[in-house]
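Right, one structure below, let's go through it.
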Amino acid sequence: MIEPFGNQYIVARPVYSTNAFEENHKKTGRHHKTFLDHLKVCCSCSPQKAKRIVLSLFPIASWLPAYRLKEWLLSDIVSGISTGIVAVLQGLAFALLVDIPPVYGLYASFFPAIIYLFFGTSRHISVGPFPILSMMVGLAVSGAVSKAVPDRNATTLGLPNNSNNSSLLDDERVRVAAAASVTVLSGIIQLAFGILRIGFVVIYLSESLISGFTTAAAVHVLVSQLKFIFQLTVPSHTDPVSIFKVLYSVFSQIEKTNIADLVTALIVLLVVSIVKEINQRFKDKLPVPIPIEFIMTVIAAGVSYGCDFKNRFKVAVVGDMNPGFQPPITPDVETFQNTVGDCFGIAMVAFAVAFSVASVYSLKYDYPLDGNQELIALGLGNIVCGVFRGFAGSTALSRSAVQESTGGKTQIAGLIGAIIVLIVVLAIGFLLAPLQKSVLAALALGNLKGMLMQFAEIGRLWRKDKYDCLIWIMTFIFTIVLGLGLGLAASVAFQLLTIVFRTQFPKCSTLANIGRTNIYKNKKDYYDMYEPEGVKIFRCPSPIYFANIGFFRRKLIDAVGFSPLRILRKRNKALRKIRKLQKQGLLQVTPKGFICTVDTIKDSDEELDNNQIEVLDQPINTTDLPFHIDWNDDLPLNIEVPKISLHSLILDFSAVSFLDVSSVRGLKSILQEFIRIKVDVYIVGTDDDFIEKLNRYEFFDGEVKSSIFFLTIHDAVLHILMKKDYSTSKFNPSQEKDGKIDFTINTNGGLRNRVYEVPVETKF
C-alpha cells in the first residue's frame, strides 16, 4: 500500500534487475491484436455502430436537433449577414489571384459553405476562398495551361463553347476550366484521405512551417496583385524564381501605370487598414466590427459608375456578370495528370489551415473536432465547387473571425452567409459591374496584414527554439525562390531533415547522483553531486538507429575517457608478449610482481604477421597462465598498457524509443568491447518491448546477457556498490547500523552468484 509520509519520498524494496523483477512479479497475458482482429472490428456491424457512423458522417444530425432556436437564431442571422458580405467581397477579390473573372469567386464562396453545413464538424469557421489557396490554384492553372497543346481550346478542357460563355475570352475560359479541374482533383485527394482515415499526414506541417509558408505566400499574393493595382499586362510565370520575373515585368513597364487605378487602390488600402486596426483595438467595445470592406466597395462602385471611370480613365472593372449559375462541367483528365503534385499541396495546405483555425475555436468553445471528417467535408465541398466552375478554398482567417466575433453559434451562420452570396449571384450582381479590379486587389492586400506580421515570429522562435526558427526561415526562402508548390515540398523535406539531424546528433550526457537520493542528473548542472568511484552513467536522449550509432559510440568514448577497443588490442598484444616470456622461462611471478630475466624482447616477423586485427579484437583469455594479470599494475619489461579505473558502465536508455538492425549490431559490438576489458555494462530504463525486440534480433549470447538490464539507474548503482563490496561508512557513517545480513545478488546467470555481507541499510 502506498501511503504519504509528510513531504518525504520513502521507498523500501529489493534491488531489481529486469529478470529478477519479472520472476517476482508475474506479467498478465496480453493479447496483441493482429491485422485480422482489426479487420473483423472494421467489418462488423451493429445498430449502435451504424448510428455512430451516420452521426459521424453527417455531424449536422448531432447538433441540429439540439439547436437553441430562441437563443442562437438571432445571433446566427446577424453573424451570417456580416460573414456573407465579407464572403462576397473576398470571393471577388481572390478570384483575381486565380486570374479568372471575379464572378467565379462567388461560386467558390457559395458551394463549399453549403456542403460544409452538412458534413463539417466546426461550428465557427467560414469555408470559402482563401488567398494562399487561390494563389496556389492560380499557379497550378498557369502550369496546366502552359503544358496544353497550342491549339487546345476551352471545349477540350471540359468547358462547352455555348452562348452563355461567348462573353468570355478564350484564355479566360481555358483558365476557368483548368481551375475547376484542379479544384476537383484537390477535393478528391482530400476525400480519399478522409475516407482512409489518414488525416494525420497534416502533422508533417508544423506550426513554424505553416507560418513561414503562409508569410511567403502572402508576399507572392502581394506581388501578383501589383498588375491590377498598376493595371499592367504581366505574363504568368510558373517556374522557380517566378516572383522575381513578375517584379521585373512590373517595374520594366512602370511608366504605363494607370494613375486612376493606382490612386484608388492606395486610398482603399489605406482606409481599410486603418479601420481594421480600429476594429482590432476596440473589438471589446464595438458590438460588431465595422464592415469597412463592404463600405469601401459600395463607395468605390458608386464613384466609378457616377464618374464613368471606365471610359474616362480606362480603368479595368469587374464588368457584366450574368445572373444565375452556369451549367456544371466535366473535369479534364489531362489536367489531372499535369497538376497532381500541385493538387496534393493544395489539398494539404487547405486542410492544415482549416483544421488549425477550427482547433482554436473547438478549444475555446469546448466541442469535439474530427480531423478526418473535416477532410471529407472540405473534399466534397471542393468537388462540388469545381464541378460548378469554382476554385479550391479553405477558411479565410478574417472571415472566420467575423463569423465568430459577431456572435455566430453554429453553421447556420454559414448558411445565412451563403444565402447572401446567392442573392448577389442571382439578383444584384450587376451593381458590382463598375467596380474597379484595383479595388478588389486592394481588398485582397488588406487581408494579408496578419500573415505579413508573422515576420515577428522569427525573433520569438529564435529565443525559444533555434531549430524551429531555422525551419521558418528556410521555408520562407524556399517558398519565395521555388514557388508555392516546390517550396512547400522542399520545406517539408527540410523539416524532416532537421528531425533526423536532432536525433543524429543527440545531446548525450554523463549523470551523477544528487544529494545522496535516487535522483540522477547531468553532472555539469549541479554542485552536490556524487559519482561512485569507477562507475560511469551515460544517458542517450534519442532513438538509436543507423544514422547515429557512430555518434553514440564517439560520445560514449568521450564520456569514459578511453576507447575500449584500443585498450583491448593493447592488452592482447601485451598478453602475447607475457605468454611468450612465460613459455621461455624468462618470467617469474613473486608476491611483489613480475620478475623478468631479460631486458628486452622483440617480436619476430612471423609473430608480427600473425598480429591480425581480428585476433586482437577477441576476448582476453588468461586461463592457460598460472598467474593473474592485473592490468592496472606494472607489467614486465615496461610493457605499456593504458590503465583504466572504470569497472562499471550504466547506460540510461529511458529515452531510447527504438533500435534498428544496424544500431543493434553496433550496440552489441560496443558492449562486447567493454565486457572484454572487464567493464561491467548495465542498461536501465527500457520497456519490455525493447527487450523483446533485442531477443528477436538474437542480441544475447555468452558475453552479452539479459541480466545486464535493470529497472532504474538507482537499482543498477546499488547493485554495483554491493557487488564491489563498498562499505556504507564511506557514504554516511553516522547512520550505519551494526546489524548485518547475508545478501545474495541473483543475476540470473549474467554474473556469477556471489554472497556479500552488507549492511541492513544501504545509504549514500
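Backbone N, Cα and C atoms are what each Cβ position is placed from, and that goes for glycine too.
Some features that Swiss-Prot has for this protein:
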| type | residues | note |
| --- | --- | --- |
| TOPO_DOM | 1-76 | topological domain 'Cytoplasmic' |
| TRANSMEM | 77-97 | transmembrane segment |
| TRANSMEM | 100-120 | transmembrane segment |
| TOPO_DOM | 121-124 | topological domain 'Cytoplasmic' |
| TRANSMEM | 125-145 | transmembrane segment |
| TOPO_DOM | 146-175 | topological domain 'Extracellular' |
| CARBOHYD | ASN153 | N-linked glycosylation site |
| CARBOHYD | ASN161 | N-linked glycosylation site |
| CARBOHYD | ASN165 | N-linked glycosylation site |
| TRANSMEM | 176-196 | transmembrane segment |
| TRANSMEM | 198-218 | transmembrane segment |
| TOPO_DOM | 219-257 | topological domain 'Extracellular' |
| TRANSMEM | 258-278 | transmembrane segment |
| TOPO_DOM | 279-342 | topological domain 'Cytoplasmic' |
| TRANSMEM | 343-363 | transmembrane segment |
| TOPO_DOM | 364-374 | topological domain 'Extracellular' |
| TRANSMEM | 375-395 | transmembrane segment |
| TOPO_DOM | 396-411 | topological domain 'Cytoplasmic' |
| TRANSMEM | 412-432 | transmembrane segment |
| TOPO_DOM | 433-469 | topological domain 'Extracellular' |
| TRANSMEM | 470-490 | transmembrane segment |
| TOPO_DOM | 491-701 | topological domain 'Cytoplasmic' |
| DOMAIN | 525-720 | domain 'STAS' |
Leading stretch by Cβ pairs under 8 Å, where the reference is the transmembrane segment (176-196) and the options are 77-97, 125-145, 375-395, 470-490: 375-395
Candidates 258-278, 343-363, 412-432, 470-490; stretch with most C-beta pairs under 8 Å toward the transmembrane segment (198-218): 470-490
Touch test for the transmembrane segment (470-490) and the transmembrane segment (258-278), at least 3 Cβ pairs under 8 Å: no
Interface present between the transmembrane segment (412-432) and the transmembrane segment (100-120) (three or more C-beta pairs under 8 A): yes
Residue numbers, six or more beyond the limits of the topological domain 'Extracellular' (364-374), whose CB comes under 8 Å of its CB atoms: 56-57, 59, 119-124, 193-194, 197-200, 202, 351, 354-355, 358
In contact by Cβ distance (the transmembrane segment (412-432), the transmembrane segment (77-97); 3 or more pairs under 8 Å): yes
Long-range neighbours of the topological domain 'Extracellular' (219-257), counting only residues six or more past its ends (CB under 8 A): 96-97, 99, 131-132, 135, 138-139, 142-143, 145-146, 265-266, 315-316, 437-438, 440-442, 444-445, 448, 452, 479-484, 486
Beyond the flanks of the transmembrane segment (125-145) by at least 6 residues, Cβ under 8 Å: 83, 86-87, 90-91, 94-95, 97-100, 105, 108-109, 112-113, 116, 171, 174-175, 178-179, 181-183, 213-214, 217-218, 220-221, 224, 236-238, 242, 335, 338-339, 342-343, 345-346, 349-350, 353-354, 357-358, 361, 377-378, 381, 391-396, 399-400, 402-403, 414, 417, 444, 447-448, 451, 483-485
